[in-house]
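Feature annotations, reproduced from Swiss-Prot:
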ACT_SITE  62  active site, proton donor
BINDING   12, 33, 60-69, 124, 186, 195, 215-216  substrate binding site
């Protein structure tokens, strides 16, 4: 898998029109992430449009609810043909297992590939101080992320979303067959934005990430196609 297939661009835009315009300006991008704002505004039709163009889709809605509700959402996402989807690891093992079972069961019924379920460990906007003071978790960032990743493995989840700073730890702890997707990626020379635990693309891959998620460095660039190709070149893709 080359570098272009491993760099996911976040379509963090307000509506379908803006999203489609960006996709058309950056045909080199093969994997797009659709999150809460855009999915709420544009609905499933945008996913279907992306799939019709031959794009891969990471549906990042971070499901977190009772197991039965999450299972229903995962079946619906599977019918859309998404490649990756997210659930919150803090939903607990019954919810995580229900998500995986729903995806595999619906895919088998349809005769199509099942999306990989990724457990979100700790949002990259949170750091140790916020974790301890506001969430009352006092095991530290690495300890908390490791605990949730191990929970995900034991629940049959195919991978995790985590900060690049925890990638090496989780690669060692969870093995080479476990998918690791890292947001909070900032190419050299770009700012951190609202994400506190960041690395460059090359650093994240070196620590064991399978996929990187990049947003504003591409989506707000004067030429998104050029910006994306520069990131791929940075990681030797």
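The backbone N, Cα and C atoms fix where each Cβ goes, and this holds for glycine too.
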If I take the alpha carbons of residue 124 (substrate binding site) and residue 62 (active site, proton donor), what is the distance between them in whole Å?
14
Just to be sure I understand the packing, how many Cβ atoms besides its own are within 10 Å of the Cβ of residue 124 (substrate binding site)?
25
In terms of DSSP three-state secondary structure, what is the assignment for residue 67 (substrate binding site)?
helix
